Amino acid sequence: MVEGGVATADKTEFTECWRTVWKTPYIMRLALSAGIGGLLFGYDTGVISGALLYIRDDFEDVDRKTWLQETIVSMAVAGAIVGAAFGGYINDRWGRRVAILGADVVFFFGAVVMAVAPKPWVIVIGRIFVGLGVGMASMTAPLYISEASPARIRGALVSTNGLLITGGQFLSYLINLGFTKAPGTWRWMLGVAGVPAVVQFVLMLSLPESPRWLYRKDRVDEARAILEKIYPAHEVEQELNALKSSVEAEKADEAAIGEGMITKVMGAFKNKVVRRGLYAGITVQVAQQFVGINTVMYYAPTIVQFAGFASNSVALTLSLITSGLNAVGSIVSMCFVDRYGRRRLMIISMIGIISFLVILSVVFIEASNHAPKVSGIETAHFGTNSTCPRFLTASDASRWSCMTCLKADCGFCANAVSEIHPGACLDSTKAIRGDCRAEKRVFFEKGCPSRFGFLAVILLGLYIISYSPGMGTVPWIVNSEIYPLRYRGVCGGIAAVSNWCSNLIVSESYLSLTEALGAGGTFFLFAGISTISLTFIYFLVPETKGLQFEEVEKLLEDGYKPRLFRGKKEKSKYQVESA
């Protein structure tokens, strides 16, 4: 490799990954066992979207208060911020394996609390504990997999964590559908989350610590024993020598900067190499959230209802399609991430995301503009006591549409002949909803009947297809390999915290944004933020495919510039270009 350049990975195609794990199944055992942390992450992300529909039915306060719905969703994210930050400390002090085991215990406790919650505030407490577990697992699982993987297939194996995240989301929608008719609906949906935590806990008890962490703690014989199970015999000494060189350099640095957590954080930002790694790592983690993906994951059924599908079961079924596409996209990522590179996949992904967000915005705006009218005759049919209070006193009642009715915190009872014909604007109470449905009509509370409904669902699917192979999995891969070993735990924690903070902002504000801007305006806002994020990725994130960790450090030390902004001397240093 030319100094400062990017080496071409040897046989980085997806088939090489399967060839390697077929010969050495122990590698896949490590990856899948740790990757269950991704399954927990994905399940929690997806399950709340369906459970929220039924929590609203059981608790009138939740149904009427948007901020309470956002709090139930986002408190898991708040817990994850703390979990990710604390997880970085645990990773460096006690190891990756201990961090995963601790995450399982906390997650299981939170799932039990949610399942037995008698009040909304107890659900919130359970969500906080689940979030703590998810936060610890989200930054530890890819780190463990990365450090236990040969460099040539590292990206594909870390992608298994992304696959299990999306697989967990898909599983959560299936389970949500399975419990729609069961007594306790949402309690089963949330409680089942404890099962994979127990499974991972048992599996991890029989697995070793990360070989890189063991070597860092001078447990060389233990590290060698694990590397002998992972690498061919002729590569073990080479890997140990690389670890030795890296650890010696780290210890020399630590002698100057110290070992405390605060000292490490300060040292990370003072160190040019680590700081550049953080610029890239934090950029991709923040961008992953601000493209709006978790509005789709947390509120997918609600978004489908915005598109004009009022039934809970129909909304869940259509949401299952988007979740399935997300899982398929993760498989695509595993196939191509080591062949075409991290940076290229992210840039292509972002271009697709921005395009479909803009089109989605237009579709939702058009659907709103063509919402069915409110009929005074249809409304009077249910009696004055059932009519929306603000409709009764409105001076422009004749111009009201379904969207006007919903913005007045009321419900739209669709016309019995056709949903797109003028309907009734009624007070949104359980009794009145029942009266509407008793006449075989559909009662809309989140969105209006629309001819654009299926188009919106198709575009959501295309948005997911654009997101999943690139921005869905690659940011975690980048963060698992871009930091020097001595800072990997703390920097991974910082990046994960940035991810969860961004997630919290998005999940806590989404329903409020849709009330203020409408679904179309909100998607357009995400498109604008995504454009800014693409610019940052283009300028700050280098290509790391196929590189040893030591080579990544050298790349960051030399500094990264996109091809168009390099001088002739800089261009000559690169063997493989990233677009």
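Placement of Cβ uses the backbone N, Cα and C atoms for every residue, glycine included.
Record features, source TrEMBL:
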type	residues	note
TRANSMEM	30-55	transmembrane segment
DOMAIN	30-545	domain 'Major facilitator superfamily (MFS) profile'
TRANSMEM	67-86	transmembrane segment
TRANSMEM	98-117	transmembrane segment
TRANSMEM	123-145	transmembrane segment
TRANSMEM	157-176	transmembrane segment
TRANSMEM	188-207	transmembrane segment
TRANSMEM	278-300	transmembrane segment
TRANSMEM	306-333	transmembrane segment
TRANSMEM	345-365	transmembrane segment
TRANSMEM	452-478	transmembrane segment
TRANSMEM	490-511	transmembrane segment
TRANSMEM	523-541	transmembrane segment
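Here the transmembrane segment (278-300) sits against the transmembrane segment (345-365); at least 3 CB pairs are under 8 Å, leaving out pairs fewer than 6 apart in sequence. Segment contact holds for the transmembrane segment (523-541) and the transmembrane segment (345-365), given three or more CB pairs below 8 angstroms at sequence separation of 6 or more. Each of 123-145, 188-207, 452-478 was scored by its Cβ pairs under 8 Å to the transmembrane segment (490-511), and the highest score goes to 123-145.
Contacts between the transmembrane segment (157-176) and the transmembrane segment (30-55): present, as 3 or more C-beta pairs lie under 8 angstroms, all at sequence separation of six or more. Long-range Cβ contacts of the transmembrane segment (67-86) within its own chain (Cβ-Cβ under 8 Å, at least 6 residues beyond either end) map to 44, 48, 52, 55-56, 61, 103, 106, 110, 120, 123-124, 127-139, 298-299, 493-494, 496-497, 499-501, 503-504, 507-512. Across 30-55, 188-207, 345-365, 452-478, the stretch most heavily in contact with the transmembrane segment (123-145), judged by Cβ pairs under 8 Å, is 30-55. In the predicted model, the domain 'Major facilitator superfamily (MFS) profile' (30-545) shows an average pLDDT of 84.
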